[in-house]
Amino acid sequence: MADAVDVGPELKDNREARQQDPATSEHESADKEEEDLKEHYTEPASNNGLPAEKMQTAKEEEKPKPSKVKGLWGQLGLDTGTVLMMFKGSLAPTIAIAWYQSRDISGIYGTLGYLVPIISVLSLSIMPRAKYIQTLLLNILGICVGSAMALLGTWSAIQARKNTTPAGSVERYNSSQSAVCAIWLFANIYFANVMRAKMPALQFPVIMYSIFTNVAFTFGPLFQTTAQAEALVKQLLTSFLSAFAISTGVSLFIIPVSSRTVVQKEQAGYVQGIRGALKAHTAYLLSLESSDMFSANKTTVDVDDDNRHKTKNQKSTYGTTETPEAKALKVAIAGLVALHGKLHGDMPFGKRETAWGKLDAQDLDEMFRLFRGILIPLVGMSTITDIFERIAERRGWVKSKLNSFDRAEAWEHCDEESKLEEKKVWNEVMKSLHDSFAVAASAMDEGLEHAGLLLELLPKPKKKTGEDEEAKGTDPKPGDGDFGKYLDKKMLDFYKMRGQSLKAWAKEKGLTIDMFDATPPVAEIIDPVPDDGQHRRDQQQLYLILYMEHLLYSTGIAIAAFVKFADSKVADGTMKKNHLILPGQRRIKKWILDLGREDATVDTDSPDSMESGSNIVYMGSGFSKPKDPEHLPPKTIWEHLGNGVRTIPRFFRSAESAFGFRVACATLTVGIVAFLEKTQTFFTEQRLVWAMIIIAIGMTMTSGQSMFGFFGRVVGTFVAAVLSIVAWYIVDQKKPGVIVFLWLFIFLEMYFFLKFPRFVPIWLVAIVSQVLIIGYELQVRRIGIAAASATGQPYYPIYELAPYRLACVAAGSLVAFIWTIFPYPLSDRSWLRKDLGNTLYLLANYYSVVHSTIGARMHGTEGNMERKESPGRQLKKARNKIFGTLIMLLPSLRSHADWQKWEPSIGGKFPRETYEGIILRSTNIMNYLTLISYATQAWSDDSEVLYPNTDPAVRRKWLNNLTAVLDSINPTSHQITSTLTLLAASIREGFALPPYMQLPEPYDLNRRLEAVDKGILDARHVQDPGYSAYACLQVASSMIMDDMARLIEHVKDLVGETDFAFKVSLSDSSLDSSGLSRNSGKGKSD
């Protein structure tokens, strides 16, 4: 915590003796403040003379306990929306199977009728409308291209048969025809899966395409005329399109759900999530008024002498005790961050959808931007738990696995008595902050309710019968027209109270106001006084207070902006009535282009320089495309053409190409049986084409997912086979009963599909297997055994067919797993390591662009933020792009860390704890950098709106002094960027770190600032927003430095360091004059 404690007003340690018993004062104050908070958050009610506590107890006793069934229902998450979606998801395949029982329909589809319900399952009619329409269009495009490729491939195979078959021959098998079909199948599967790996949006279209081409090309060797091939392709195309039609009808007309509805529900959940996080934070701050935030967490850990290998029955203390309030705060923030990520993914679909509503795409964009502005300071506020833990570690009050105490400065080392004093001081600080924090949190909660009501995200509260209107008071309530002004007044009152709370803290420390404002001479700063440690610990406390206050005020300002947006939508008539909302041409064009676009650089469209007014703005190389170390930038036409040619080998050596090749090899491993003369009949009779389809559906890029998928699909298919037999025989093979039970089982299976989307391929295989088994048996009932066997596939009763399907799934899954690990495994562990390297490299870029942003704000060179070409807008664009990429990468890292558990360990164990430590430190650094970027908005020239009670000229004068100091520490900032880049390269390539790698030196801004202006850090500037932003900068930067130290240790554990130093012990051996070891024991000398 070197930086956090090195910053703050100069406070002398002239403490006055307390006149009252500390323990008595602590408990009395805690009880009083807790009662005040309860009164603030509970509604007034008549208690008939009883104490509030007894009345509350009586109410709880009178309230009936929920039934066990209702409790179980709630635990399962079976709300109305989930049940409706379960019903909707089970409807399409049931309709398709029932539809096929018509004689007219069965005559159209023949022996491929069972494909219709299967494809209707894979069409996923439960998706929101915009997502479904996009997938539907891509599915149709996929099967149309697939039908064209199937016709071309089978036609060329038939031509090969004609050219190699002697006249008058009646041989059914032709090797040339089979070879051509195999080549076409391999090429189609390869290119389709390359596209699938490059563009996730093509996941299901590629599955459709693979099913189509697998069926067409495995039947291709049996065709003797083009008419036969055309008939099959036509029948396949008809089956697929019919399934799409049924799914589309269900999606659009049965419990329709638009993407805008999903976005609006997530926005409503976001508002409630923010309110919950604010209440959790208030409860946590209330708990700090009496709890010990520095108490050690006693856990049984396995540690030996060098803290590497594990032994049992040893007690150690790592970290601080996490109170229930702290846990609740972390859970609330984690849920809000997860919802933010989900909303980020659903926003594009909601914006491009045609809808009948009130808010257009620009409004949705603005709301998301406002939500992000609220989320960042909320996440920053939750880091106070982490900060207290770091303080306890560095002061030696708790043990740290990474020796944080050893990195601490001398003034940070404290004994247990100092711990009790520190704890007591923080308890009193939290009590002094209680009133202002509670008022601000209550106002923000009402502001969120107000905005939610105006934007129709929250339901209007019902009026209570017998409610006294006069008892409500005269203050505006959420939903009132002038509530926005009321919220602004409340936040302004909180901002004015900041100085009072700080002076109350100084008084609690025994400091007079004059001493609080005093600054020791520079000589005293450079040569610390004997009690300088206590002085710097006081600085740390003050900065943490400013840190919390500034972030809470920033949260209030962000919520006030959200309220103003809601008021503006009411004022301009947007919320009065619904209207038709159509996506513009630009949005549609962007949607089409984004389907195949890859984010490869920070900003590939930014020019090297651009003109802004009369000044030339020179952009750094980070805004340009990454350089090619083997080629200079092309200048001539031929060089540009050569760059185009080089994309071909780059395509074939990519990871996506390797994945496509593996899928094609896995498919042909089974498919080769269809192209050999002696096994062709066996392939047809045993329906091995479904093993190939399982490969297309379930093959993944990494071995961990493949191993889990193998077991999951086999178990899922086994359950599907059992349920199919149950559904068939429980109603004595009666068609209506079989269809009803099939629907019931699919309905129940859709619960797992909805609640555990991570395992969608497993649920799909299980449902598809069940539909396939029942659908085939009902198809045979409809068209007869003779017609069903006409294609060469013998009829199997259900008790034989179900095990055959299970065997096909097991075989396909096994082949997919083998080709995932052969000839070398594509493991989640190697992907995790590479993605970690990419993440650290992006963090280096993110740190650099945030540092540049801070410099632009301090120097006032951001320019007009309304103009796209201004430097500030360019920095914001680069910052948001890197941040968005990191947000996508970090969950991927956790996913790989979870999947790798399924990979077989050959050799030593995988260092999962070390990798998880790197992920945690990377996440922390990203969060603190984002917080720095957000907090330093107070230094922008246009921040007068946020801080109306400050003088811009005074703010700029103070900021100029700060600018002079920060300009002198650029090398330290660049050293952090260089360190992160070096760590990224070491992890990605597996190279050892250089020896004696030094952590970048802390900024130590306090002393440098005082060398410029002795009074720059005194209390006269505490009310200045730039001062609080400075406090946030130093607290966050100190946390970054601590995370950097831990990150370096983790990376050293993984890759080691290039250190050839050695020590020679002369106890058992000695060195001769040549420097060689001379052993004194027995043995042969070489």
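Glycine residues also receive a Cβ, built from the backbone N, Cα and C atoms like all the rest.
TrEMBL lists 1-71 (among others) with the feature region 'Disordered'.
Marked as compositional bias 'Basic and acidic residues' by TrEMBL: 9-42 (among others).
The annotation compositional bias 'Basic and acidic residues' is assigned in TrEMBL to 56-65 (among others).
Residues or ranges marked as domain 'Putative ER transporter 6TM N-terminal' by TrEMBL: 77-167 (among others).
Residues or ranges marked as transmembrane segment by TrEMBL: 106-124 (among others).
Feature annotation from TrEMBL assigns transmembrane segment to 136-155 (among others).
Marked as domain 'Putative ER transporter 6TM N-terminal' by TrEMBL: 172-452 (among others). Model confidence over the domain 'Putative ER transporter 6TM N-terminal' (172-452) is summarised by a mean pLDDT of 83.
The transmembrane segment annotation in TrEMBL covers 175-194 (among others). Under 8 Å from some Cβ of the transmembrane segment (175-194) lie the Cβ atoms of residues 146, 149, 152-154, 156-158, 160-161, 163-164, 206, 209-210, 213-214, 217-218, 220-221, 651, 656-657, 659-661, 663-664, 667-668, 671-672, 674-677, 680, 696, 699, all in the same chain and six or more residues away from its ends.
Per TrEMBL, transmembrane segment is recorded for 206-224 (among others).
Sequence annotations record features per position, and here TrEMBL assigns transmembrane segment to 236-255 (among others). Long-range contacts of the transmembrane segment (236-255) within its own chain (CB-CB distance under 8 A, at least 6 residues past either end) are made by residues 84-85, 87-88, 91-92, 95-96, 99, 108-109, 112-113, 115-120, 123-127, 129, 132, 136, 139-140, 143-144, 147, 150, 208, 212, 215-216.
As annotated by TrEMBL, region 'Disordered' applies to 463-482 (among others).
The feature compositional bias 'Basic and acidic residues' is assigned by TrEMBL to 471-482 (among others).
Marked as transmembrane segment by TrEMBL: 542-563 (among others).
Among the features that TrEMBL reports, transmembrane segment is placed at 659-676 (among others).
Secondary structure by DSSP for the domain 'Integral membrane bound transporter' (682-819): 115 helix, 0 strand, 23 coil. For 682-819, the entry in TrEMBL reads domain 'Integral membrane bound transporter'.
Annotated transmembrane segment per TrEMBL: 688-704 (among others), in sequence order.
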Query: Honestly, do the transmembrane segment (710-731) and the transmembrane segment (760-780) touch, with at least three Cβ pairs under 8 Å and pairs 6 or more apart in sequence?
result: yes
